[in-house]
Amino acid sequence: MAGGGGRPRCPPGALLCVAAVVVAAGWGEAELKEEQSIDLIGKNEVYGDTRHEVNVYVKVFTNSPFLVCMDLALSQERIIDPNYLWIGPDGRDLQGQGYVNLTETGKLMIMGFRVSMSGAYLCTLSHKVIETTTQEETEITEAYKFMVYAYREADHAYQVSVRFTTTRCRLKTNGLFVEKLNKILNSTISHLTCHITESSYKCYSIRTPKNGLQYELFVNFLVNPFGPGWEEVCHRIPYDCEDVTNRRVRQAAERIGKFFHQLRHVLEKEFHTVPTIQYVENSFSMTPIDSCRPGFGKNHHTHQNCASCCVVCGPGTYSPNNEVTCRSCASPRARMYGAKSCY
């Protein structure tokens, strides 16, 4: 999912994905034909609807699709003396503003979209209807509302779980082994500016039908994309760097997966003897974990059509850290989009 400036990555099942994530609320009930939806994609346009507001999601620092000041049906008709008035979230006329591309046919593109540009974009279309027989003119006015939200890609990390057999639970070498394992893994992925965090282990005694009582270390850790040097890499990127950090952490996770597939050989090499702690075959598992930057969060109910996006926190909500949800404010409330606190 991206704005008009980049190639989109659309969530599975999204019907209207142009260069931004663009979904009109309620179009599921509007009996819009699929071929018409595909036509909208090609034109990079989102039509209004007089019955309800239309939600539009734009990746930060990219251009929005064109917001069209009419509905799809009206766009197929001849319109006499159309006049368009676009009002931004701050209540100002958008005509002549440097950050918009406003065409003579009433289409609005918001360029270099930033968090502060989120909000309601209102368009009023006035045009004439002429009675064929009497030539009587009637002025018609129609209003369209677009709710435009900034979004970012979620930051990805990977939760890893793996097990090892050991001779006893109360052994100092268990902890030393996990420390050594972390160092090996960090050295394996450091060139990708990723690192291992939240490492922990527990030891359990386990009775098995074939081998009797044995002891196992349950090791867990997070493959984190924000290792030493990640900020310098991002400074070379002109816009947001989620695509870069997500690609690197995916590569790091793949390297760690290969590491555990070859672990028996690695343990023998690092410890120079047959280790007393041994990898439990096929115990490796990895789960992707998403997080959002401060001021952004996920809301599957409010933003159903951008459920995988980190959408800007709306007025009255905030996100102070890398959680995946926006919190509600108690009074006084945050009055802006993208708040990191309520004050």
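Using the three backbone atoms N, Cα and C, a Cβ is placed for every residue, glycine included.
Taken from TrEMBL as is:
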DOMAIN    54-152  domain 'Zona-pellucida-binding protein 1/2 N-terminal'
DOMAIN    292-342  domain 'Zona-pellucida-binding protein 1/2 C-terminal'
SIGNAL    1-30  signal peptide
Quiz item: Helix, strand, coil residue numbers for the domain 'Zona-pellucida-binding protein 1/2 C-terminal' (292-342) per DSSP?
Solution: 3 helix, 9 strand, 39 coil
Self-check item: Structural state census, the domain 'Zona-pellucida-binding protein 1/2 N-terminal' (54-152) (DSSP three-state)
Solution: 7 helix, 53 strand, 39 coil
